[in-house]
Amino acid sequence: MEKQRLTAQLSSLRVPLFSVPWPGQCSNKAEVIEARMMKWADEHNLLVTDEYRNRVIRTRYGLLAARCYPNAGEELLQAIADCLVWFFLADDLFVDRVEVATDETIRNLTAMVDVLDLNVAGSPPVFGELAWLDVCQRLRRLLQAEAFERFAQGMRLWATTAALQILNHLRPTSVGMREYQTIRRHTSGMNPCTSLADAANKGSVQACEFYDADVQTLVRQTNNIVCWANDIQSLRIEIHQPGQFRNMVTIYAQQGQSLQDAVETTATRVNKEIASFCELADAVTARPISDELHGLIDGLKYWIRGYLDWVVHDTLRYADQFIESDADDRRF
């Protein structure tokens, strides 16, 4: 009933565009990185059918990496691109585009955590586990130990808060906005992504700067901007998913707003968060801070602008013409 009410309002839905006051960047290695990423995904058996391969080709995850980490060294950028294609596919096939919970859900998610904790794959490995192990071992080699642990902790929280997201979808109605924002902050995968922003620019930030309250606020604002914008941009396809579909927009609609009004309310929050991010970023960079921290803040800006540009210019992940074929992965 909830999905039917929302679906009935989709045909007239207007999706806003977002802008930020800094230019976009893109690595000049983008196409090479994309091609290698596809080859890597094929070698690790992530592209389960020709249909699925074609979907990944038009989604352009390598371009997302190139836009969000434009200054990264080629080896690190390749590892990040491979990580992104793995993450999107694992998130779709383990959580989002399948049944809310399956017999394999716990095994799949705990296997991902075990790779981080134990640095080995299980026997037999679950889908994507060997690819994930390969990505993690490359990042362990390329990053300082503490920097890798920031990434790893973000991924552990993705796997564990996925369970909270599943619980929310087993309820007849969604949890409230505060609880949703907590879940979204971690199931998005943004924290491990932003944890790589410093290494991809001027090197890893020392812990005393990385965990500064204002810096962590900037990281959280970056997460919010990307996640809440995505809640609007992915709305049409997510409503058709068999598993996860509740997000900020649908919660506002659950509270009584029309779907269009819920989109506008969410967009207003995105724009306010962008303004707050800009104000705080200017204040932090006006202080005497390290080059590495300057690089991290630049990296957060690259992520915000890079994601927004990827949606507008590169990817067909959320395109209307592929909703019918892409929203439901149970056949895979």
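Heads up, the Cβ atoms here are built off N, Cα and C, so glycines get one too.
Within the listed segments 91-96, 133-138, 145-150, 151-156, Swiss-Prot records motif 'DDXXXD motif' for the stretch 91-96. One way to see the shell of the Mg(2+) 3 site is to take the Cβ centroid of Asn230, Ser234, Glu238; the remaining same-chain residues with a Cβ within 8 Å of it are Asp231, Ile232, Gln233, Leu235, Ile237, Asn247, Tyr318. Here the Cα atom of Asp91 (Mg(2+) 1 binding site) is found 13 Å from that of Glu238 (Mg(2+) 3 binding site).
Between the CA atoms of Asp92 (site 'Plays a critical role for substrate recognition') and Glu238 (Mg(2+) 3 binding site) there is a gap of 11 Å. For Glu238 (Mg(2+) 3 binding site) paired with Arg184 (substrate binding site), the C-alpha to C-alpha distance reads 14 Å.
Using a 10 Å Cβ-Cβ cutoff, Glu238 (Mg(2+) 3 binding site) registers 23 neighbours. Note: the Cα of Arg184 (substrate binding site) and the Cα of Asn230 (Mg(2+) 3 binding site) are spaced 11 Å from each other. Local packing around the binding-site residues Asn230, Ser234 was summarised as the count of other Cβ atoms within 10 Å of each Cβ; on this measure the leading residue is Asn230.
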